[in-house]
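Engineer: Straight out of TrEMBL:
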type	residues	note
TRANSMEM	92-110	transmembrane segment
TRANSMEM	116-137	transmembrane segment
TRANSMEM	149-171	transmembrane segment
TRANSMEM	191-212	transmembrane segment
TRANSMEM	224-246	transmembrane segment
């Protein structure tokens, strides 16, 4: 009798009439027991990304504490929480894929494997700098910023690849071989100003987006701006210095190795000269 009167009572209110699902009652032919029900509650003070993630974890944890009831919690806010959870791993995955692809392309186009490694390290440094400055510029790590960061990696690749290639092909110098300092001067002299011009033109084109009062457009503007500025700084300052230091280090070890071989050959000659004449003839 209670179950028979419960359904009309719940259907009397349109707000809660569909929150309870009754199963069939095969013995009596009437309404069966309650099989599924929905409970609505209200969240208060969940007004930031961190609070959304904390609330999502707490609600799902409370539901998982009673697995025998097969409880499920849902609100459209959970979609944002799930997005925030996967954003950092997905961004790191995209960055790693970018670095691997750029390394392979650099190996094919730049005539020195070590220079390809330097290019990849420069791109990695640009990514780290952009992620850090995004926090300073109030840019959250979300879908828009992640996609923009992945797309704008081409800017930093262009800057680094051009300077590195110019460094490797610079051959004019004393005795027909350019020193590391001469290579840096040649690379910056040939491509430094064109890179600045290209970056300035891109910044002027992207700068228009900063005047648009739209959240997504502002995120795109800030992310591309950071990538271009950091890419130019790395290409014109850090990258030439790094390549010069690496080049000088390689030259130093090669010099030490050649010096060791020279000493070894000289010792063999001295031993040969000091041998008795009879031993030499034999």
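Note that Cβ sites are derived from N, Cα and C of the backbone, with glycine treated the same way.
Owing to the predicted nature of the structure, the values given are computational and were not obtained by experimental measurement.
How buried are the listed features, and what sits near them?
Structural biologist: Residues 155, 158-159, 162-163, 166, 218, 220-222, 224-225, 228-229, 231-232, 235-236 of the same chain sit 6 or more residues outside the transmembrane segment (191-212) yet have a Cβ under 8 Å from a Cβ within it.
Long-range contacts of the transmembrane segment (224-246) within its own chain (CB-CB distance under 8 A, at least 6 residues past either end) are made by residues 114-115, 118, 121-122, 125-126, 129-130, 133-134, 137, 148-149, 152-153, 155-156, 158-160, 162-164, 167, 180-181, 183-184, 187-188, 192, 195-196, 199, 202-203, 206-207, 210.
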Engineer: Using a Cβ-Cβ cut-off of under 8 Å, list the residues of the same chain that are 6+ residues beyond the ends of the transmembrane segment (116-137) and lie near it.
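Structural biologist: For the transmembrane segment (116-137), the list is 91, 95, 98-99, 102-103, 106-107, 110, 145, 149, 153, 156-157, 160-161, 164, 222-223, 226-227, 230-231, 234-235, 238-239, 242-243, 246.
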